[in-house]
Amino acid sequence: MNNNNNNKKLNKENLNEIENWNEIELTDYKKQGLDEGTSSNIYLFESNGNVVNGSIEDSPKQQQQQQQQQQQQQQQQQQQQQQQQNIISSDEEIEDKPFQDRDSNIGDGSDIDSSGDSIDIENTDYSILVPFEDEENNNGSKSKFSIKKLKSFLGPALFISVGYMDPGNWATDLEGGSRFGYQLMWVLLFSNIMALFLQTLVIKLALVTKNDLAQQCRKEYSKTVNIFLWLILELAIISTDLAEVIGTAIGLNILFGLPLIAGVAITSLDTLLFLAIQRWGIRKLELLILLLLSMITMCFVIELFLSKPIASEVFSGFVPRLNSDSVMVATGIVGATTMPHNLFLHGSVVKSRKIPNDRRKSVIKQAYRYNVIDTVLALNCAFFVNIAILMLAASVFWKSNIQVTELSEAYRLLTKLMDGKLAAVLFGLGLFLAGQSSTITGTMAGQIVMEGFIKLRIKPWLRRFITRLLAIIPAAIVIIVLGDKGTYTLLIISQVLLSIGLPFAVVPLIIFTSSYEIMGEFKNRLSIIIINSIIALFIIGLNLATIFQLINDFLHNDSIISKCLTIIFLIPLSIALCCLLLWLIISKINFFTNLLSKIFNNNNNNNNKNIINNNNNYSGNTINNQTIQ
């Protein structure tokens, strides 16, 4: 026990100098292994303000506190035993309850209207209970890697990988491959690495704070800023849904010959599909996603064998190079690969794996490790599909000097150029499956974003209907006015909009996970901060280049309408978005000042060490010289 504490009289004035005095003394008392009857001089601060110098056995209040602590420990042990009894195998860990049977709060959530159905996959009766042991076993060795535990964590990243191979990705990959060959493969690789870094930050934020990114934004920013962020993310989700509508319609056209406008109308019925699958448990939902993704992957494995790309040309595509003509397509690839709403969805689905409430460092580290493995496996699968699409376009279309401007045109060209209908049918089937799998995660992401930012909760089917309606209207107008070619242009624009919305998710994510006040000891290391800052600067720079190119193209267009829209709408909107992004950074200026001070302190410490070493060397040399003399 601390002697300084024992010699110090406590009173009301200096009580705050030593927080939780009795708790400190009890802890020391237990650490010394003293028996209950052993006398130990301590100071007890009574409720009346008197200080009593006595022993533990003479203090009824101390004995009462000790009994209460023992009772609490017994209750905790009973709860842990009960929790261990409830832990079952990974295939039986899911409480397969429907979405609408769940009614719990988001974050603090006491002020959220819980009437109506909600997609709250964090709730314990719709989650997976994962068994955990301490990072250090009794013999002091680290806990071993567990396949059974990994199986419990596999799944959340499947929802994220869906967004990395939706019809919007197909459009940008096909255009990139048919126009520039293998030249943009490095953009896909960099986008995948970038996505892995960002998704791991999302995992860390969710595990440490128990909040997804939208909930944390609501805590850190004002209501006005949150409303603007919500609107930007809603636009990104509608853009994603627009790609799903067009992709599904084209897939139906390829497989069954349905007119595009009829296919767009049919896509509105997928609300009924979501109403059906929302009654499933989360593991069955993950298995459905896995089945769809496996079928898409197999389609393109066969496509690659049929297209026979040249290996040397494939590897040359990983050398970074970019020109003014490919900037727009590269931006679309980045937006299609690293989708902003995925950063919000991932944090929420990660919380479906329930870990012990004590939030021990070892538990969080284990959960983080298994979630990262899940993410790496799922995103690399999505990366393979995207690379396969671009390689297919390069080896078939670019080699034949054909630029693809429509997805349906890609189907017809595959039939002609590859001497058979198998590749074309697989292409149409994969496109249809990609549209349907994206439908499932789109509604989940929209509900999470809406609840997280503005605490608004509506029924999932109503949310799905509104989002799909906002996507169907522009798709139908474009098909009627411009025909099939217009849908392809609309797909590219939707992916550019996704990329423009990405910084508004990435910047807060990096700031939050690098803050000690939010993350504690789990905050990002300096090297991770630098890497993610480079990623953010790359995204912002690419978006600025795209916006400038769009403004320049519209201003030099002969159409008066294009010039008016640019001056009245596009330029003010671009300025407003830049101002909002700056505000997200400036409002957290303490983070940047702390970061700079940390960098300078490290430099000063290194300089001081060098000075000390030089002085020591100089002193040593001086002594040696004197000795010689």
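In case you wondered, yes, glycine gets a Cβ from its N, Cα and C as well.
Keep in mind that this is a model prediction, so the values were computed, not measured.
Here Swiss-Prot flags Asn557 as N-linked glycosylation site, drawing on sequence analysis. In sequence order, Lys563 constitute the residues six or more apart from Asn557 (N-linked glycosylation site) in its chain with CB-CB distances below 8 Å.
According to Swiss-Prot, the feature region 'Disordered' maps to 50-119.
Annotation source Swiss-Prot lists topological domain 'Cytoplasmic' at 1-151 (among others).
Taking H, G and I as helix, E and B as strand and the rest as coil, DSSP gives the topological domain 'Extracellular' (173-182) the counts 8 helix, 0 strand, 2 coil. Swiss-Prot lists 173-182 (among others) with the feature topological domain 'Extracellular', giving sequence analysis as the kind of evidence.
The topological domain 'Cytoplasmic' annotation in Swiss-Prot covers 204-224 (among others). Beyond the ends of the topological domain 'Cytoplasmic' (204-224), by six or more residues, the same chain brings 106-107, 230, 233, 343-344, 346-348, 350-351, 355, 359, 364, 367-368, 371, 448-449, 451-455, 505, 508-509, 512-513, 518-520, 522, 584, 587-588 to within a C-beta distance below 8 angstroms of the stretch.
What Swiss-Prot records for 246-253 (among others) is topological domain 'Extracellular', and it gives sequence analysis as the kind of evidence. Beyond its flanks by at least six residues, the topological domain 'Extracellular' (246-253) meets 166-168, 170, 259-260, 262-264, 266-267, 270, 407-408, 428-429, 431-436, 438-439, 475, 487, 490-491 of its own chain at Cβ-Cβ distances under 8 Å.
Residues or ranges marked as topological domain 'Cytoplasmic' by Swiss-Prot: 275-286 (among others).
According to DSSP, the topological domain 'Extracellular' (308-326) comprises 6 helix, 0 strand, 13 coil. Residues or ranges marked as topological domain 'Extracellular' by Swiss-Prot on the basis of sequence analysis: 308-326 (among others).
Note on the topological domain 'Cytoplasmic' (348-376): mean pLDDT across this stretch is 82. Marked as topological domain 'Cytoplasmic' by Swiss-Prot: 348-376 (among others).
Feature annotation from Swiss-Prot assigns topological domain 'Extracellular' to 398-421 (among others); the stated evidence is sequence analysis.
Residues or ranges marked as topological domain 'Cytoplasmic' in Swiss-Prot: 443-468 (among others).
The topological domain 'Cytoplasmic' annotation in Swiss-Prot covers 513-527 (among others), and the record cites sequence analysis as its basis.
Sequence annotations record features per position, and here Swiss-Prot assigns topological domain 'Extracellular' to 549-565 (among others) based on sequence analysis. Counting residue by residue with DSSP, the topological domain 'Extracellular' (549-565) contains 13 helix, 0 strand, 4 coil.
What Swiss-Prot records for 587-629 (among others) is topological domain 'Cytoplasmic'.
The feature transmembrane segment is assigned by Swiss-Prot to 152-172 (among others), with sequence analysis given as support. Long-range Cβ contacts of the transmembrane segment (152-172) within its own chain (Cβ-Cβ under 8 Å, at least 6 residues beyond either end) map to 90, 93, 128, 130-131, 195, 199, 239-240, 243-244, 246-248, 250, 282-283, 286, 289-290, 292-293, 296, 329, 332-333, 336-337, 339, 341-342, 345-346, 349-350, 352-353, 367, 370-371, 373-375, 377-379, 381-383, 385-386, 389, 407, 431, 434-435, 437-438, 440-441, 444, 488, 491-492, 494-495, 498.
Using a Cβ-Cβ cut-off under 8 Å and counting only residues 6 or more beyond its ends in the same chain, the transmembrane segment (183-203) has close neighbours at 157, 160, 164, 173, 176-177, 212-213, 314, 317-322, 326, 329-330, 333-334, 337-338, 342-343, 346-347, 350, 368, 371-372, 375-376, 379-380, 382-383, 386-387, 390-391, 506, 509-510, 513, 524, 531-532, 535, 538-539. Look at Swiss-Prot and you will find 183-203 (among others) tagged as transmembrane segment, backed by sequence analysis.
Mapped onto DSSP classes, the topological domain 'Cytoplasmic' (443-468) shows 21 helix, 0 strand, 5 coil. In this chain, the transmembrane segment (566-586) lies in contact with the transmembrane segment (492-512); the count of Cβ pairs under 8 Å, excluding pairs fewer than 6 apart in sequence, is at least 3. As a quick check, the transmembrane segment (377-397) and the transmembrane segment (287-307) clear the bar of 3 or more Cβ pairs under 8 A, pairs 6 or more apart, so the two touch. Contact between the transmembrane segment (327-347) and the transmembrane segment (528-548) is supported: at least 3 Cβ pairs lie under 8 Å, counting only residues 6 or more apart in sequence. Counting only same-chain residues 6+ beyond the ends of the transmembrane segment (287-307), those with a CB under 8 A from a CB of the stretch are 158-159, 161-162, 165, 277, 280, 381-382, 384-385, 388-389, 391-392, 395-396, 418, 420, 422-423, 426-427, 429-430, 433-434, 436-437, 440-441.
Counting same-chain residues at least six beyond the ends of the topological domain 'Extracellular' (549-565), those with a Cβ under 8 angstroms from any Cβ of the stretch are 324, 327-328, 571, 574. Residues 176, 179-187, 189-190, 391-392, 394-395, 549 of the same chain, all 6+ positions outside the topological domain 'Extracellular' (308-326), place their C-beta atoms under 8 angstroms from a C-beta of that stretch.
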